[in-house]
Amino acid sequence: MHLSLLKAKIHRATVTHSELNYEGSIAIDGLLLEATGIREFEQVHIWDVTNGARFSTYAIRAEEGSGIMSLNGGAARHVQVGDLIIVAAFASMSEDEAKTFKPNLVYVNAHNAISHTNHSIPTQAA
């Protein structure tokens, strides 16, 4: 049996551009792609914290250090500049692989620069 587990996450990034007439995708600062291990053209899920929209697209590289988070094409209709989003990628793996797998979790500041990273999410308490 194979499981689908969270591979990588960019947490609470700020949308910098919304380009309806650009070829569809999300352009992500290259430093964030490197930190997460998300590959160019990999499917990603976008969860808009601001408006609740959830959709999928694919990642393309934006200039390193630019802070760009640009939703393009049809995806641009789901967000507005300034919205907070979570970008997530998943990987399929065996149960044995899943036992030791740790996701790459990247947390960013208001300018989409890396504030810190982690490989686990704290247990939620009541």
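Each residue, glycine too, has its Cβ placed from N, Cα and C.
Record features (Swiss-Prot):
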type	residues	note
ACT_SITE	SER25	active site, schiff-base intermediate with substrate
MOD_RES	SER25	pyruvic acid (Ser)
BINDING	THR57, GLY73, GLY74, ALA75	substrate binding site
ACT_SITE	TYR58	active site, proton donor
| Which residue, of the binding-site residues GLY73, GLY74, has its CB surrounded by the fewest other CB atoms within 10 A? | GLY74
| What recorded positions among SER25, GLY73, GLY74 are found with a C-alpha within 10 angstroms of that of TYR58 (active site, proton donor)? | SER25
| query | Tell me, how many other CB atoms lie within 10 A of the CB of ALA75 (substrate binding site), whichever protein chain they belong to? | reply | 22
| said: Tell me the coarse DSSP state (helix, strand, coil) of ALA75 (substrate binding site). | reply: helix
| Which number gives the other C-beta atoms within 10 angstroms of the C-beta of TYR58 (active site, proton donor), all protein chains shown included? | 15
| Integer Cα-Cα distance in angstrom, THR57 (substrate binding site) to the residue listed as 'active site, schiff-base intermediate with substrate' | 6
| said: What are the sequence-distant neighbours of SER25 (active site, schiff-base intermediate with substrate), meaning same chain, six or more residues apart, C-beta distance under 8 angstroms? | reply: THR57, TYR58, ALA59, ILE60, ASN72, GLY73, ALA75
| For the substrate site built from THR57, GLY73, GLY74, ALA75, further residues of that chain with CB within 8 A of the site's CB center | GLY24, SER25, ILE26, PHE55, LEU71, ASN72, ALA76, ARG77, HIS78
| request: With substrate as the bound species and THR57, GLY73, GLY74, ALA75 as its recorded binding residues, calculate the greatest Cα-Cα distance and give it in Å as a whole number. | output: 10
| field | Around the Cβ of THR57 (substrate binding site), the count of other Cβ atoms that are within 10 Å | value | 19
